[in-house]
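Enquirer: Handing you a structure now.
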């Protein structure tokens with residue numbers, strides 16, 4: 001069987017691979033990856049031997065930090081985030097859930113002061129029995145990850 005690349009190689013930037021199918025567009029939107037001004041290559045529902053199907057994102061000339069990569073773990077805990085330089089992987093981020101996430105999500109509680117005050121949203125992240133919960137720093141209400149992500 002002949003092996004062919006579905007997506008072109010990246011000279012410099014970041015590759016986010018092994019994203020669960022259907023989560024790629026959400027990650028693009030939440031992390032504003034299309035607002036970098038750089039070329040973004042997106043593969044949706046690509047064939048994967050390990051996952052069945054997956055999404056893939058490549059962002060040229062942008063190197064995600066460890067903190068940014070860990071924030072991705074909220075949506076794709078088994079994703080791989082590789083920083084590329086001159087077509088070579090120079091850094092592999094090992095994803096772990098962050099303790100807190102700042103400025104990415106809006107609080108689902110319409111009475112939360114974060115909607116009316118000039119403050120960045122902050123959520124504390126906890127995993128309980130395979131369910132990720134997020135607690136707002138300001139109103140102290142606890143929400144599931146899916147509810148918080150939908151509000152943004």
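Backbone N, Cα and C atoms are what each Cβ position is placed from, and that goes for glycine too.
So Swiss-Prot lists the following for this protein:
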- 107, 112, 136, 139: Zn(2+) binding site (BINDING)
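How buried are the listed features, and what sits near them?
Expert: DSSP gives residue 136 (Zn(2+) binding site) a strand state.
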Enquirer: Taking the Cβ of residue 112 (Zn(2+) binding site) as the centre, count every other Cβ atom within 10 Å, in any protein chain shown.
Expert: 18
